[in-house]
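A short worksheet on the structure shown next.
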């Protein structure tokens with residue numbers, strides 16, 4: 001049967017929500033059941049989990065180009081459907097200089113890269129609700145890594161190979177072209193069988209991204225359908241694709257492919273056996289070099305913490321690694337990148353002057369119940385960080401360009417008298433003795449506390465007295481320094497705490513009312529430097545809609 005005939009039976013392209021292509025079939029998911037009284041014998045109609053699906057066997061008459069044409073038509077409509085959700089709603093929790101979504105749910109940063117004199121950054125977006133469903137990619141650009149401008153909804157879940165989500169991936173700047181690599185996610189049948197493919201897209205002269213379709217269609221041996229988040233690098237005279245993977249034994253591993261042309265990929269092997277049972281899945285791989293050392297970043301899922309306050313299975317890790325002349329990878333020594341509540345799926349980019357800069361998702365996969373959901377949006381990205389390899393460990397520092405948003409420093413005496421900052425967007429530098437407690441974002445009812453437990457040499461971050469609705473409330477970090485040097489970045493509903501010159505970082509969402517802008521220190525009296533933070537340009541397509 002011709003696709004035109006199937007579309008006519010479906011009631012036209014405007015009645016088609018998805019196109020699927022499972023096992024020699026073509027399936028059109030419909031908004032409404034077709035009005036045709038009798039369907040041909042070779043066409044079936046069924047309701048699958050509340051979605052009407054019209055199916056026919058795929059014949060030689062149906063080409064990939066025809067399927068792509070339907071995908072483009074669906075994408076055009078999907079982009080129009082996001083327009084009402086591109087207006088950012090005013091909210092007391094919305095950051096002034098971090099990237100947040102106008103509405104809906106933001107998660108992983110994607111495609112972070114410097115290309116042709118500009119920085120590009122994408123993020124995962126579900127525009128229509130604060131839930132993880134049918135992911136899109138939003139495209140932002142910047143000249144300075146501080147002010148980001150909305151460009152477009154770059155990719156939508158419109159094609160048979162990504163019908164249930166354009167999952168995470170990275171970008172490649174090759175010659176004059178900007179390529180995107182991502183995981184296409186589809187769900188098939190009443191049991192929602194997952195089908196995973198690695199896909200590519202390329203930016204055209206108009207700044208739009210044209211999908212090239214799947215570049216890896218089949219799973220490597222020994223791996224489940226949980227294989228995703230391609231990172232593509234050029235090394236040893238060839239392209240390599242790194243993928244987070246799950247083995248049939250439900251162990252996380254790194255899958256590696258190679259290619260000569262970015263389009264045809266060949267599987268090499270799985271890496272990571274030296275870590276043993278190190279989580280049931282590895283997500284969001286990144287790979288880079290820093291001061292002559294190679295590093296592998298990933299998100300291992302299913303690692304239990306020895307601390308009873310840490311109950312979240314979604315972890316973050318960076319490992320020092322090596323790759324020999326034959327391309328064999330070994331993972332050596334690893335650490336958490338962030339030890340706060342809300343940090344996942346980081347990506348890095350190299351700046352024009354050679355720095356390695358990181359951006360992460362200030363959220364976690366299971367969190368969908370933040371107070372900002374009452375205003376129709378959830379999650380944000382972290383502040384950008386510069387990475388440094390020094391004295392055998394990774395140090396992280398706030399991006400130096402963020403200094404352009406800072407006011408002149410104000411000396412602030414921290415004591416048990418509450419000082420009203422009258423803002424929740426600031427930077428604070430202070431060195432604290434053991435045995436004291438710093439309270440931030442406080443009023444008479446709410447606060448977040450940083451306790452320096454002298455007896456146990458623990459830095460304890462406690463957000464139990466905030467408006468948090470979901471997630472852990474205490475994080476503890478063992479330190480051995482005689483004092484604790486802090487550099488704190490606050491932005492309305494977030495804290496990023498850089499400890500002892502960036503040796504550790506704790507990133508957290510902190511929800512307190514708009515008037516909770518007090519700060520105090522109990523158990524000591526110390527001078528601090530306070531900087532007020534100015535807003536960055538709003539990373540939205542449409543102006544913020546201020547609610548009365």
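Start at 1 and count along the chain as shown; that gives each residue its number.
Cβ atoms are placed via backbone N, Cα and C, with glycine included.
Fair warning: this is a prediction, and the values are worked out from it, not measured in the lab.
Site annotation (Swiss-Prot, ligand substrate) includes 105, 106, 107, 108, 167, 168, 228, 229, 283; from 124, 151, 246, the additional listed residue is 124. Between the binding-site residues 107, 124, 168, 168 has the most other Cβ atoms inside 10 Å of its own Cβ, all protein chains included. The Cβ of residue 105 (substrate binding site) has 23 other Cβ atoms within 10 Å, all protein chains considered.
All protein chains considered, the CB of residue 108 (active site) has 27 other CB atoms within 10 Å. Note: residue 229 (substrate binding site) has non-local neighbours 108, 167, 168, 169, 183, 243, 244, 283, 284, 285, i.e. same-chain residues 6+ apart with C-beta under 8 A of its own C-beta. Spanning the listed substrate site, residues 105, 106, 107, 108, 124, 167, 168, 228, 229, 283 have a farthest Cα to Cα distance of 20 Å.
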